[in-house]
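A short worksheet on the structure shown next.
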């Protein structure tokens with residue numbers, strides 16, 4: 001390739017006045033979406049086409065799971081539950097006594113309902129029970145109490161803090177706690193392993209959602225190792241719960257500006273929350289105690305440990321129990337003989353010492369007599 005000649009007016013550029021900055025070495029850390037995608041493809045040994053197909057399948061799955069209701073596909077039919085006559089007669093002023101999940105048609109999901117599902121359910125209930133729609137259908141002005149209940153349920157469940165407070169005192173959860181088993185329910189059936197796991201496994205799954213620490217160990221199986229069983233009870237005996245009871249606080253009387261009334265109400269609420277929290281901790285501790293007392297794995301582990309100890313006793317030093325006993329008796333006999341021999345030697349030594357002392361005294365006495373005779 002022949003380069004064209006330089007134009008006549010060209011001149012070489014002058015050097016910059018400022019000096020070039022020194023070389024700086026920097027460490028670059030791989031990060032970002034592209035790098036994560038590269039790692040996933042490498043670990044799964046996928047080509048670019050296979051990886052793109054996997055992303056598309058995951059996107060479709062999430063769309064089906066979190067459908068927004070705009071295309072007619074509703075997530076698990078949320079908000080389609082029929083209201084009972086008792087539910088429709090709820091008093092909006094008694095909103096703390098209502099089941100917000102039931103009002104929105106989320107009884108089958110409850111605390112597992114996602115924010116998107118709550119949004120869909122609320123929209124459906126509003127379209128169905130809006131006072132204007134009801135009035136137009138019946139040509140009369142209907143009471144909009146249930147519609148206010150719907151709005152209150154949405155207000156509580158879309159606020160993360162208030163929803164957590166409501167989940168802490170969920171009426172369904174409280175009713176299930178009242179049905180927790182007692183020791184009398186297992187009287188005469190302590191060896192029924194299937195009944196034990198069938199009864200207690202769902203209870204600990206229900207209580208696990210209140211844990212601050214994740215993951216939460218579940219009850220497990222009958223053939224679990226000693227380490228897993230001990231880890232399960234260590235976790236539940238030190239269970240750290242986020243459950244609170246502010247939702248049951250007594251409200252200050254409307255229109256009351258008396259500071260003393262407000263302070264008294266706040267003090268009373270604080271005391272009641274502490275009492276309920278303490279009762280809940282005691283209830284859970286008693287439940288774990290009952291589980292530990294009935295757990296067939298604990299009995300199995302104790303039996304295995306006993307067998308190991310006995311086996312060690314039998315095989316200690318390569319001797320049987322009878323041989324160990326005979327050896328112990330022989331060692332005892334030898335120790336007694338050694339003690340007796342030492343005692344006799346000490347007796348002889350004392351006699352020799354006494355004899356030598358007497359001889360020395362006699363010699364000294366004799367020497368004194370001879371000295372007096374010479375004087």
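Heads up, the Cβ atoms here are built off N, Cα and C, so glycines get one too.
Model, not experiment: these values are computed from the prediction.
The annotation compositional bias 'Pro residues' is assigned in TrEMBL to 1-15. Applying DSSP to the compositional bias 'Pro residues' (1-15) sorts its residues as follows: 0 helix, 0 strand, 15 coil.
The feature compositional bias 'Basic and acidic residues' is assigned by TrEMBL to 324-355.
Below 8 angstroms of C-beta separation, not one residue of the same chain at least six residues beyond the ends of the compositional bias 'Basic residues' (365-375) sits close to that stretch. Taken from TrEMBL, the feature compositional bias 'Basic residues' applies to 365-375.
Residues or ranges marked as domain 'J' in TrEMBL: 99-170.
Marked as region 'Disordered' by TrEMBL: 1-20 (among others).
Taken from TrEMBL, the feature region 'Disordered' covers 253-277 (among others).
Here TrEMBL flags 305-375 (among others) as region 'Disordered'.
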For the region 'Disordered' (253-277), distant same-chain residues with Cβ under 8 A (at least six beyond the ends): 243-246
Secondary structure composition of the region 'Disordered' (253-277) [DSSP: H/G/I, E/B, coil]: 19 helix, 0 strand, 6 coil
